[in-house]
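Since the structure comes first, as structure tokens, the remarks are kept for the end.
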Amino acid sequence: MYIVMLGPPGAGKGTQAKKLAEKLNIPHISSGDILREAVKKGTPLGRQAESYMKEGKLVPDSIVLELLKNKIEEEKRGFILDGFPRNLQQAEELDRTLREKDKKLDLVLNLLVSEKAVVDRLSARLTCPKCGSVYRKGDASYERGVCESCGVRLYQREDDKPSVIKKRIKTYLESTHPLVDYYKKRGVLRDIPGEGSPEEVFEKIVDSLGL
Ligand code: AMP
């Protein structure tokens, strides 16, 4: 299956995409993780992307596509895309790439979360620098500050700081939210209430997919 996770920053796209990818046994492709890895390694594309990410802006399409296109083209069994597409141009590029392989997007899961919940979640979460897992306040791993799978120290993403959070939400509303209509018109959008625990939200996804 070819699936896209949509929703504002902090909606839980990464957490849900990871769980669903495991259940369906298809890869989880996170544009944010791939970009952060490129920044960490200091590659030429990573160096170009860094300042946009720090400011909560979208990284230019040319950079994102160069990092992602091979991964998308190579996948034969399907994938769950998390964080991509983030604007109409990227959505059209994804359509084109799938069409060239005689495939099409099966489903877009749109996680619905209020703006207040997004701000609360982003400002109280820690991320694993190795596997990208996210822990919220109250999780045992958050309190210990160590990833339960990798055993490495968790960190607060630079763009999870209050001044950048506002900008990321604005960027989402301006550039990414129009994709809700784009996919609704094509009949592939499914709204999923995204508030509640990760387990509760996952159950809603599983129910909605009839798994
Ligand atoms: P995320 O981990 O999905 O919240 O992404 C973190 C940051 O990476 C975003 O705020 C953007 O700066 C950048 N980013 C991730 N995916 C994309 C994309 N598809 N297009 C442009 N920028 C992106």
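The backbone N, Cα and C atoms fix where each Cβ goes, glycine too.
Keep in mind that this is a model prediction, so the values were computed, not measured.
Just one of Arg125, Arg190 is listed by TrEMBL for the same ATP site as Gly10, Ala11, Gly12, Lys13, Gly14, Thr15, Val134, Tyr135, Gly196, and that one is Arg125. Checking the ranges 30-59, 60-89 against TrEMBL, the region 'NMP' annotation falls on 30-59.
TrEMBL lists Ser31, Arg36, Lys57, Leu58, Val59, Gly83, Phe84, Pro85, Arg86, Gln90, Arg157 as binding AMP, and of Arg144, Arg168 the one it places in that same site is Arg168.
If you take the CA of Arg157 (AMP binding site) and look 10 A around it, the binding-site residues you hit from Gly10, Gly12, Gly14, Arg125, Tyr135 are Arg125. Summarising the AMP site geometry, the residues cited as binding it (Ser31, Arg36, Lys57, Leu58, Val59, Gly83, Phe84, Pro85, Arg86, Gln90, Arg157, Arg168) extend over a maximum Cα to Cα distance of 24 Å. Nearest in space to Ser31 (AMP binding site), taking C-alpha to C-alpha distance over the binding-site residues Gly10, Gly12, Gly14, Arg125, Tyr135, is Gly14.
The least crowded of the binding-site residues Gly10, Gly12, Gly14, judged by other CB atoms within 10 A of its own CB, is Gly14.
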